[in-house]
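J.: My questions will all concern the structure given below.
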Amino acid sequence: MASLSCGYKCLQCTLVVFNVVVICCGIGLVVAGSIAEYNIVTYLSKDISELHAFVIFIITLGSLLTVAGILGFVGTCMKNICSLTFYIILLVIFILGGIAAAIAGLILEDKVIDYVDKVLEETYETYGDEISTKLIDLIQRDLQCCGPDGLWPVYLQQPPPASCFSPEGKPYIDSCVCALDDYLRKNVVVIAICGLIFTLLNTVALIFAICVCMALKSGAE
């Protein structure tokens, strides 16, 4: 088995710690995605294909992260060049995917928000159905808003629900469309920052992995 110098052993230890974190994050994403899928099936509609696709993407990403973390962990600890090579390939894929996702997010942000606004307004039109009622009440309660325009829609011909009022009985006057837009834009920024950090960490891990792999090959020769 090839030996490493002190400097490369430090890189090796750093990679081990990094991959333990990656494995934990991957498992966390799989668990979170599974819980989200359960909640969607239980409380919302099984026909929301876009939401299902997003949750499946989260679960798939978590699975890939777990696999990559295991490959990196095993390859680094066991000084296995084959595992490290596959690990490097996965890191390159993650980096390219992160860049592509960031570009797509910037380009499609307004279209996604417009689509969500359209779905929200359509959901108000079907208020009274079990699924629509749960979704609207959840949005109004959490975002402290009422109706698509700040008023409960007259065409529903019913009084505003309890979700349009604060616990003290004060009516919410903010538009749910605007409140949801603000919420989505804030989360897009958070996701973009997380994606940037994720890509930078993968880039650093890629450099470390290549250095360790080259050191192992040199030692083997």
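Here the Cβ of each residue, glycine as well, is placed from N, Cα and C on the backbone.
In TrEMBL, annotation is done automatically, which means it is predicted and not curated.
Below are the features listed in TrEMBL for this protein:
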- 12-36: transmembrane segment (TRANSMEM)
- 51-74: transmembrane segment (TRANSMEM)
- 86-108: transmembrane segment (TRANSMEM)
- Cys146-Cys164: disulfide bond (DISULFID)
- 189-216: transmembrane segment (TRANSMEM)
J.: Counting other Cβ atoms within 10 Å of each Cβ, which of the disulfide-bonded residues Cys146, Cys164 scores lowest?
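T.: If we count Cβ atoms within 10 Å for the disulfide-bonded residues Cys146, Cys164, the smallest count is at Cys164.
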J.: Between the stretches 12-36, 86-108, 189-216, which wins on the count of C-beta pairs under 8 angstroms to the transmembrane segment (51-74)?
T.: 12-36
